[in-house]
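A.B. asks: Below you'll find the structure I mean.
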Amino acid sequence: MTTDSHAVHTDAGDHGHDVHGGAAHGSLKSYLIGFGLSVVLTAVPFWLVMTGAITDKAITALIVLVLAAIQIVVHMVYFLHMNTRSENGWTMMAMIFTVVMVVIALTGSLWVMHHLNVNMMPVHDMSQMP
Amino acid sequence: MTVAAAPAQNAEPIFHVIDEHAHPEGASTMLGFWIYLMSDCLIFAMLFATYGVLGGNYAAGPAPKDLFDLKLVALNTTMLLLSSITYGFAMLTMEKSKLGATQFWLAVTGLFGLAFLGIELTEFHHMIHEGATPQRSAFLSSFFTLVGTHGLHVTFGLVWLVTLMVQSARYGLTAANRRRLMCLSMFWHFLDVVWIGVFTFVYLLGVLR
């Protein structure tokens, strides 16, 4: 009876983690895939900017930003093991909320301050002078 | 009959489950730590926004093009990326309960982290030596605040890493130590994610501008 109840207890203890949907773990393969992708996604933007391979700066900036966004997702998936199941989806909910806050704060600040700068700029239009 | 019913009527009605369901120790630590990381993410978002607004105000002082050495930044990024993968190896060996290997990979991670900090401090020292101090312009104030805050995080991560190495050496890979190492793992990888933002927005786009 005692061994039986003990077995049940350890069984519950082992599976309690899964029931609660605990943190996900990575494998050697997933870490190496993430590392390989990160190396490429880091090397390419540095190479683009340091050599000036693309003469149009706007296009280079756009590529660099897109690669950074991809690398952030790669890190989230392969290193931080983000998925929709861990902690019953609450980590994902917390992250979505944070991303929304970050996007509002960043775009809001840059947008408002850019317009402030534009409107506060002294107008050097001599034809308008009295 | 009435006597038996009287206590039931007088008893306070209960509208919730009295029995607390099981909360194994540390079950909510990971989610809690994740929420801490998300709040830290908001701090960095504010610093990025500040840098985005002030980053172009040089006050006739040095601009990113004059100050940043991309080769040094590339080396620094490599250090942090390597420390991320070695921490991953530490977690994999921890899951196999190999204390020696875990300690080895943690030590390697710490050395890469130290190298990162050393290179960053060299860069700061060089800039300040050239007169590009935080007081020089709004661009430099926001630059040192953003990159310095990240560097401070790495510093505290290293202190935490050494603490956990001592803990693991003393008490072994107990459940509590595993949980702590997993928290530090999230912290460390999170710092690498923030660094992606730093080298992209501050260094690469700064030199490009």
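Just so it is clear, glycine is given a Cβ too, placed from its N, Cα and C backbone atoms.
Checked TrEMBL, it gives:
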- B:1-207: domain 'Heme-copper oxidase subunit III family profile' (DOMAIN)
- B:33-60: transmembrane segment (TRANSMEM)
- B:72-92: transmembrane segment (TRANSMEM)
- B:104-122: transmembrane segment (TRANSMEM)
- B:143-166: transmembrane segment (TRANSMEM)
- B:186-208: transmembrane segment (TRANSMEM)
A.B. asks: Counting Cβ pairs under 8 Å that are 6 or more apart in sequence, does the total for the transmembrane segment (B:33-60) and the transmembrane segment (B:186-208) reach three or more?
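C.D. replies: Result for the transmembrane segment (B:33-60) with the transmembrane segment (B:186-208) is yes.
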A.B. asks: Tell me, what is the mean pLDDT of the domain 'Heme-copper oxidase subunit III family profile' (B:1-207)?
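C.D. replies: Average per-residue pLDDT within the domain 'Heme-copper oxidase subunit III family profile' (B:1-207): 91.
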